[in-house]
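Some features that Swiss-Prot has for this protein:
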- His16: anthocyanidin binding site (BINDING)
- His16: active site, proton acceptor (ACT_SITE)
- Gln354, His369, Trp372, Asn373, Ser374, Glu377, Asp393, Gln394: UDP-alpha-D-glucose binding site (BINDING)
Amino acid sequence: MVQHRFLLVTFPAQGHINPSLQFAKRLINTTGAHVTYVTSLSAHRRIGNGSIPDGLTYAPFSDGYDDGFKPGDNVDDYMSELRRRGVQAITDLVVASANEGHPYTCLVYSLLLPWSAGMAHELHLPSVLLWIQPATVFDIYYYYFNGYKDLIRDNTSSGTNNVLPCSIELPGLPLSFTSRDLPSFMVDTNPYNFALPLFQEQMELLERETNPTILVNTFDALEPEALKAIDKYNLIGVGPLIPSAFLDGKDPSDKSFGGDLFQKSKDSSYLEWLNSKPEGSVIYVSFGSISVLGKAQMEEIAKGLLDCGLPFLWVIRDKVGKKGDDNEAKKEEEMLRCREELEELGMIVPWCSQVEVLSSPSLGCFVTHCGWNSSLESLVSGVPVVAFPQWTDQGTNAKLIEDYWKTGVRVTPNEEGIVTGEELKRCLDLVLGSGEIGEDVRRNAKKWKDLAREAVSEGDSSDKNLRAFLDQIKVLKDARH
């Protein structure tokens, strides 16, 4: 049997690298496929060297920002250069591989890279989108560009703190959405105007295909309605894309994503500290790899943690200044007024292995920005959540967490957009307390943990979906010969 050869192209950001690398491992382990992993040179340099599976090779290219995208860089210039250089690099790879007698079977690409699909079409190479956000978010974008734009814009252009009394319903989705539940790129005040045209380009490309398959980092039981909401698209759940050691245990050595674009804390004593705490007692606080909170918000979080009185592990990344600043790296925790009190009660680290932290029995709650990777990791680990969304898909994820999966409670900011210490403590007390809400979220967290692990078991939904996709690719490949 001829081996599948995949070209997997990923946007160079932490939230894209991690699930796509895990998908590469899944492809290799499921069928013995060969995967060539393509991303920028700056991202590749930060990918760990440990446990690279047989069948995975890297093909990094220069996007013109080999030291990474820095604050102060122009995002439109960056995206333009990434596209121009990426098209050339991937074209060269595809042509060279074909000339050597080892043509690629399929190109798989992540969000924000719709030009990859256009280029693959020109090269007569099948392509498929790896959607690394929930299926619900895909559906919302689809509806935005297919008849619901005015309705959505009308509901996101006014209101106090983006919370409106009115809500909208979208076909096939089980929840109604207010402004704060929708992806932030749709909001009039969204400053990241580069993103929405890329999603529009993506949807237009899919429209040209007949019943295209879209691989989604979710699983059937998690989003049954959203996966089936759009008849003309074949959305299939292939997730959760989480390291095997923390999911199905098939590969105990697979303990990290491998794509950690930030330096992990050199001092792993936080794991020993975690393990010394009583079961279910520790609050873990992390806002991911991109979000930067203002000093006022940081102070309120500190106040809420201190008032709660439970041990906590708080990830505060080193803040990188603009190029040319004398103080390029600043430790934000040093600016907190109550730093000494915080360190008496908890532990502050610049980065950590999140999947390891969440798997610790001492974890009682995860205060999270609700990035999709973090949301899935909390589900897989069975850890209840205080949802503290910031931007992009996170408001939608928080809505699903609180109202659909019911594994957490969402904070409500005040009129200035700040989540007060009192509000954070209120949510922590609900999630960690012995009342009905606390009992419900803990019970639901356990339920989804079991269902997530079941989904990737051999013969279950995500495993079957991936194998069906590979059979589909084989048919396409045979038709080309």
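Just so you know, glycine gets a Cβ as well, placed from its N, Cα and C.
Binding residues for UDP-alpha-D-glucose (Gln354, His369, Trp372, Asn373, Ser374, Glu377, Asp393, Gln394) extend across at most 20 Å, taking the greatest CA-CA distance. Listed binding-site residues near His16 (anthocyanidin binding site): Asn373 (candidates His369, Asn373, Ser374, Glu377, Gln394; Cα-Cα distance within 10 Å).
When secondary structure is read from DSSP and collapsed to three states, Asn373 (UDP-alpha-D-glucose binding site) falls in the helix class. A 10 Å cutoff on Cβ-Cβ distances gives Gln354 (UDP-alpha-D-glucose binding site) a total of 23 other Cβ atoms nearby, all chains included. Among the binding-site residues Asn373, Ser374, the residue whose Cβ has the fewest other Cβ atoms within 10 Å is Ser374. For His369 (UDP-alpha-D-glucose binding site), other Cβ atoms within 10 Å of its Cβ number 23.
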